[in-house]
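J.: I have a structure here, written as structure tokens, and I will follow up with some questions on it.
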Amino acid sequence: MQNQSIAIAIVDDHTLFRSGLASLLEEFDEIEIAFEAINGVDLQTKIARHSEIQLVLMDINMPVMDGFAATKWVKTNYPNVHVLALSMLEDEKAIIGMLKAGAGGYMLKESTPSDLLTAIKVIVDKGFFVNELVSGRLLVALKDTDTKPVFSGRELTFLQYCSTELTYKEIADLMNVSPRTVDNYRESLFAKLNIKSRTGLVVYGIKNNLITI
């Protein structure tokens, strides 16, 4: 890890939360709060004056420019600046969206300051932070692969159904096949993609435009 302090920005439209978080993090010697911003547009204006920024703590739901768009902008214009999503949403779609936008991790706002400090230090050092919200499988599924596997029409249909709340038994009924056949579709996709979870399949499908949300 780094000996010098880590310069961060906090982007959140709730003033009390933003200022309170800044005060808490400033208690750590490892952290320097470079600036605060109320949304993505405010971030765009301020970050140009702060070349020392290493990481942005990014809220998701903000007016004018939300966390998804702001994260994409940061990673496009400042690729060496890390983004850690900080949200109240323990929502898979939000997590996947932020990871796809370029965030190196995802934390809940209810996290303790010490846990947040750990996440910040790990992302700056390693590039990403894996916790219970962001499994290694999600990160693997989000990476582009050089070779694209070939899928059958039935596998693609099954993949689309995986993005719903349907059980495997219900998917089998809709596809008019046996549960065992659906198991075969799932295992075939797991093998082709080196993925071991339904969530991983959904992330891959979204990333590669195989699933319509």
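A Cβ is built for glycine as well, from the same backbone N, Cα and C atoms used for every other residue.
Reproduced below are the annotations present in TrEMBL:
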type: DOMAIN; residues: 7-124; note: domain 'Response regulatory'
type: DOMAIN; residues: 144-209; note: domain 'HTH luxR-type'
type: MOD_RES; residues: ASP59; note: 4-aspartylphosphate
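A description of the local structural setting of each listed feature is requested, covering burial, neighbours and distances.
T.: Classification of ASP59 (4-aspartylphosphate) by DSSP places it in coil, neither helical nor stranded. If you take the C-beta of ASP59 (4-aspartylphosphate) and look for same-chain residues 6 or more apart in sequence within under 8 angstroms, you find VAL11, ASP12, ASP13, HIS14, GLY67, LEU86, SER87.
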